[in-house]
Amino acid sequence: MASKQVLHTPPISRYSIPALVIALASLAGSATATDTPPTWLRDKIRQFETEPVTNPPRQVIKSQYRGKTVYYVPAVCCDRFSELYDSNGQTLCSPDGGIVGDGDGRCPDFKRQSPSNQMIWQDSRDNPAAKR
């Protein structure tokens, strides 16, 4: 007569299920609607894409300034001002650029006060002038 094999599984800890729920919830929350650029910024990017290609290419960089989310658009050429927008699309200042390179003077501490930067868009169209 063949013996019956019994499988032993470890008991589930009372902490296992809550830990699993928390882990899954944190993963689900990692891709939220806040990762999507606001409508005004998507419109601005579409506008950039209809304009001639620049060298260096246009970029949009998400950052923090004075505790708030801001969007920085570096200058595309010499002596032009960069642009810094708040989360609603209002222009805050020009942190750099211009003839002297110091911007318009309304937010001289932006570069020092923005610890984290995340490039959220860069124009990837081909720039024939860059190949010369």
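Quick reminder: no glycine exception, Cβ is built from N, Cα and C everywhere.
Just so you know, TrEMBL annotations are computer predictions that nobody has curated.
Source: prediction; values computed, not measured.
For 1-33, the entry in TrEMBL reads signal peptide. What TrEMBL lists as domain 'DUF6970' is 47-123. Marked as compositional bias 'Basic and acidic residues' by TrEMBL: 103-112, 123-132. Feature annotation from TrEMBL assigns region 'Disordered' to 103-132.
In the compositional bias 'Basic and acidic residues' (103-112), the DSSP tally of helix, strand and coil residues is 3 helix, 0 strand, 7 coil. When averaged over the domain 'DUF6970' (47-123), pLDDT in the model lands at 94.
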